[in-house]
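What TrEMBL records for Leu107, Thr108, Phe135, Pro136, Ser137, Asp138, Asp220, His223, Tyr245, Trp275, Asn303 is pyridoxal 5'-phosphate binding site. What TrEMBL records for Lys246 is N6-(pyridoxal phosphate)lysine.
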Amino acid sequence: MTLTLQDAKKHAEQLDRQDGLARYRNQFYIPENEQGPLVYFCGNSLGLQPKKTNEAMQLEMDKWQNDAVKGHFTGDFPWMTYHEFLQETGAELVGAKPSEVVYMNSLTANLHFLMVSFYRPEGQKRKILIEDHAFPSDHYAAASQVDWHGLDVDGDLLLLKPRKGEDTLRTDDILSTIDEHADQLALILLPGVQYYTGQVLDMKAITEKSQQHGITVGFDLAHATGNLEMALHDWGVDFAAWCSYKYLNSGPGAVAGAFVHEKHHDKDLPRLQGWWGHEKNTRFDMDNEFKPAPGADAWQLSNPPILSLAAVRASLEVFKEAGGMRPLAAKSKQLTGFLRQMLEDCCGDKVQILTPKDAQGCQLSLVIKADKPGKAVYQALTDAGIVVDWRAPDVIRVAPTPLYNSFHDAYRFVETLVAEL
Ligand SMILES: *Cc1c(COP(=O)(O)O)cnc(C)c1O
């Protein structure tokens, strides 16, 4: 059955009525213009502010005001162990054990700190496999790690490319590239979701393949965390890192997440050290004998920014209340599936969807094939109160998120797009 815009509107209203997660929309501030709320499909870039966040941050501001230095030990969330209050929910969200996850630093910083431990080039086994069009920061991080080890960036950064004429990577090609270069690869660093195309990579298969060859594998989950249901522990992923200002709604530049698999916890891995990675009961002995904290905590360097962590804590609570990633991913599948069907049925001849149907999360990446250039269409959407983004050279990224977007939002997007093409 093909949907007309008219059908789609009725269908959207019905889906919203049946949506068990619809009430979470009201837990967020939705930006508005004079006509009312905008259609906010940019949660893959900066997630919206949960209404809880202010309160969580104010709590720590008040404590600072009233308790000052004692605040490290007072209240429901003593600053001394503040990061631990994020650990359980933070771990559930990515399918990990609490000891495997820590919120610290920022994403690119975490990639570097983790590569210090997990990129250990030796002899012929010294290459890093990344994608050809990795997010620039990931490319710079990997390239500068290679360089840091005194190796050759051109030779030792292996770039994974889609086939000629194709936009996304085939899982079989990724796996055969790993087979082919197995004796030269020291590390595989790939995204869970590709930021430009929205393609979800088969992290389980990639991890399995890497393990067959004894190659370390890490994932950048910037576009995966809060978007997909994952099982990092069971898959056996070595390490991962993600930011929390995208689907995790923790505010601009929010503290990032890191995952280190349990199998690495008791190893004597090389690690850049700081006092917050020291075992907490003896941290203040100040004897300059580094004794690592158990688990991922050992990778911490500094005492963390509490105000920023408070925003992450508040946001993780919303995910927990909503039942975690399973129900959210189920709604997401329905919501993005509905959006895709409307796009195919109502303007399929003028809009190409880069994101593979069988490997999509929230995000669809659209290339406009109409007479009007894509950038002009993007501008027109923006003027009409639709918040999406433009990524050079020619993609409009559209990311409805299950926590605060409605099926009606998806309808409004397509209705507006059809009118602008
Ligand atoms: C958003 C994003 C980043 C941003 O890095 P920061 O260190 O948080 O500034 C890096 N890599 C990927 C893949 C991203 O999507």
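Glycine is no exception: its Cβ is also placed from the backbone N, Cα and C atoms.
Any TrEMBL annotation is an automated prediction that lacks curation.
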Long-range Cβ environment of Ser137 (pyridoxal 5'-phosphate binding site), under 8 Å and at least 6 residues apart:
Leu107, Thr108, Leu111
Which binding-site residues from the list Leu107, Phe135, Tyr245, Asn303 come close to ligand 1, meaning a Cβ under 6 Å from one of its atoms?
Leu107, Phe135
Quick one: pull the CA-CA distance for Asn303 (pyridoxal 5'-phosphate binding site) versus Lys246 (N6-(pyridoxal phosphate)lysine), whole Å only.
23
Quick check: in three-state DSSP terms, what is Lys246 (N6-(pyridoxal phosphate)lysine)?
coil
Number of Cβ atoms other than its own within 10 Å, given for Tyr245 (pyridoxal 5'-phosphate binding site):
23
Whole number in angstrom, please: the longest C-alpha to C-alpha distance across Leu107, Thr108, Phe135, Pro136, Ser137, Asp138, Asp220, His223, Tyr245, Trp275, Asn303 for pyridoxal 5'-phosphate.
31
Check the DSSP secondary structure of Asp220 (pyridoxal 5'-phosphate binding site), expressed as helix, strand or coil.
strand
